[in-house]
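Trainee: Dropping a structure here in C-alpha cells format, bear with me for questions.
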2 protein chains.
Amino acid sequence: MGFQIESQISSCGGKLLKLQHESETTGTSMNVNIYLPQQYYKEDGAKIPALYYLSGLSCTPQNASEKAFWQPQADKFGFAVVFPDTSPRGADVPDDPENGWDFGLSAGFYVDATQSPYDKNYKMFSYVHDELPNKLDQFFKSTGSESGSTLDFLDNVAITGHSMGGFGAISGYLKQYASPRKYKSCSAFAPIANPSLVPWGKKAFGNYLGLESAQWEKYDPANLVKNISNKGNDVILIHQGTNDPFYKEQLKPHLLIEAAKGTSWEGKINLNLVDGFDHSYYFISSFVPQHAEFHAKNLGLI
Amino acid sequence: MGFQIESQISSCGGKLLKLQHESETTGTSMNVNIYLPQQYYKEDGAKIPALYYLSGLSCTPQNASEKAFWQPQADKFGFAVVFPDTSPRGADVPDDPENGWDFGLSAGFYVDATQSPYDKNYKMFSYVHDELPNKLDQFFKSTGSESGSTLDFLDNVAITGHSMGGFGAISGYLKQYASPRKYKSCSAFAPIANPSLVPWGKKAFGNYLGLESAQWEKYDPANLVKNISNKGNDVILIHQGTNDPFYKEQLKPHLLIEAAKGTSWEGKINLNLVDGFDHSYYFISSFVPQHAEFHAKNLGLI
C-alpha cells in the first residue's frame, strides 16, 4: 500500500524522491516525484506544507523536477513539492486511437473520466486530490524523519501547474474551495483557462466526459468562478507569456477574467502577461520564484 | 562568417540565444547557446564578461541551458554564459565505429585531434578557445546593443564545465595560463581530473591523439599542474558528489590533488566532496550558485 522509493537524489539543500506505487484509483502503477526541502532534514520539528505541481501535456514527473527549479525556492521558504504524473500508464491503459499527443497518455487532464474505455483508468481528479495526498500522508507518517520534522500533505497545502496542469490546479482548487478548504493557495503558469471553448479542452472533455455541457462545466474554471464564492481576499496568481504559441488559441486567460466579472472573483484573478516569454520551462522557471513567494505567504511561511 | 540566430528565448531577466554558424575549424556547422543577462538589456553601458560552460559526454548546448540554471546567477552578477557544443556534428563527421556514447559525436573532449579520420573535424580545442570567442566578439560588436552595453568574450572571461567539460575547462585554463592569461577564473563540476589514467580518457586520447604519452600530457590537468606555475593565489574550484557513479573509476579528482603536491598549485585546488550528490544536473544546479559567486569575484563583478 505504500510507496517504493526508486531513487533518492540530493538536490540543493534537500532530496528529490522518485516514488512508485500501486493506485486503486487508476488501477495502475503510478510514478510521483517529491522534493523534500532542507528544513525536513535539518530543522528539529519543522512543520512542512506541500505544494502540488501539476504538469502539462506530454510531461512525466521528471520534466518539472529537472527544469522548473522549484528546489531552491522550496529550501528558501520550507515547503515540499509534489510532482504527480499526467496520466495513468501501462499496456492496458487506453490511449488516443489517433495517437494525438494532446489526449490519452500524458494527457489525463486531471478529470475523472466517465466515458468508456477511459473511465476505467483515467481518474486523475480523484487520484491527484484524494488518493495521492492521503497515501503520502500515511507513508511519511509511518516512516517518520530523523529530525522529527513532519510533512503536511492534507491540510496546509497549495496547488499550481502549467498549461493542462494550470487548468488542473485552478479547477481542483475551485471545485474543492468550500469549507474546509482543500488548498490554501492556487496559482498557474499559462493555464488552459476555459477548456470547454478550445480545441485541447474539447477533445479531452468530449472523450473523457461525454458531450453534455453540464459535465464539462463541473471542471471548467470559467464556469466554476460563477458558482463558487470567494470568501474574502483569496487571489489566484497567473503568469502568461505573450510569445506563447498556444496563448491565443488554446489558453485564453482573458476568458477567465471575463467570466469572473460581476462575480466574487472579479479582481481576484491576478493575470500577469509577461512580454516575450514562451510556453517552455524557460518561462516557468523564470516565474517560479514569484509563485513560490505567493504560496509561502498563503501557507503562513512568511 | 556570422551567426544565425535560430531562436531568442526570454529566460529570467535576460535572453537565451540559440545560435548556429559555419566553423572553419571543425569544417561543420556548429550550434552554440548564449545567455545574455538582464544587465545587457537594461543597464546603460554595462561591461559584461563571459563565462564559458563546457558540457559533458552525450550533451548538446541544450542540456545545461535547460537544467544547470546559470540564468538567475548570471542576472545576479552580470555575466553572460556561453554553452558550446560537445563535438562537431554532421553526416560527414566520423563517429565511434562501435557507437560508444563516450567517444566521437557528443564526445569531442575539447582537444585538437591529430589522428585520422578524426583530425579533419575534431578540433574542439581550437574551436572553443579560439574561433568561437573571436567570432562571438566580432558578431556582437557588429550588432551592438540598444542599451550601449558591451559583451567581453575575449579578455575578462572565465571557464567551467562538467565531467568531460570539467576536464576541458581545467585543461584549457592551464594550457593558456601564461601571460596574457586567457581565462581569469576556472572551476569544474565532477571533472575527469586525470584522463590519461582512466577508461574514458584513454579511449578518447588514444583515438584523437594517438598513443604517444607526450601528446596526452599536453592536455592532462594532472600533468599540466606540474609544468605551469601558479602566479600567486589563483584557485581552481571543484565540486564532486560522493554518490557519483563515475567518481572512483573515471573522475578521480584526488589524482589531481596528488599531482599538485609539491608544485605551485598545492593547496590551490579547492576540491569539495559533497555528500550524497550524484553526476546529474541535480548536482550541477545545486552548486552553480557557489561557482557563480567564485567566478564573479575573479571577474571583478563583486
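Backbone N, Cα and C define each Cβ position, glycine as well.
The following feature annotations were taken from TrEMBL:
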ACT_SITE  A:Ser163  active site, charge relay system
ACT_SITE  A:Asp244  active site, charge relay system
ACT_SITE  A:His279  active site, charge relay system
Trainee: Measuring Cα to Cα, tell me the gap between A:Ser163 (active site, charge relay system) and A:His279 (active site, charge relay system) in whole angstrom.
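Mentor: One finds 8 Å between the Cα atoms of these residues.
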Trainee: Tally every other Cβ atom lying within 10 Å of the Cβ atom of A:His279 (active site, charge relay system).
Mentor: 21
Trainee: Need the DSSP three-state call for A:Asp244 (active site, charge relay system) to compare against my parser.
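Mentor: Note: A:Asp244 (active site, charge relay system) is coil by DSSP, not helix or strand.
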Trainee: For A:His279 (active site, charge relay system) and A:Asp244 (active site, charge relay system), what Cα-Cα distance in Å is obtained after rounding to a whole number?
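Mentor: Between the Cα atoms of A:His279 (active site, charge relay system) and A:Asp244 (active site, charge relay system), the distance comes to 5 Å.
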Trainee: Give the three-state DSSP assignment (helix, strand or coil) for A:His279 (active site, charge relay system).
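Mentor: In the DSSP reduction, A:His279 (active site, charge relay system) maps to coil.
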Trainee: Taking A:Ser163, A:Asp244 as the active-site residues to compare, which has the smallest set of other Cβ atoms within 10 Å?
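Mentor: Checked A:Ser163, A:Asp244; of these active-site residues, fewest Cβ neighbours within 10 Å: A:Asp244.
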Trainee: Translate the DSSP assignment of A:Ser163 (active site, charge relay system) into the three-state scheme.
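Mentor: Looking at the DSSP assignment, A:Ser163 (active site, charge relay system) belongs to neither helix nor strand, so coil.
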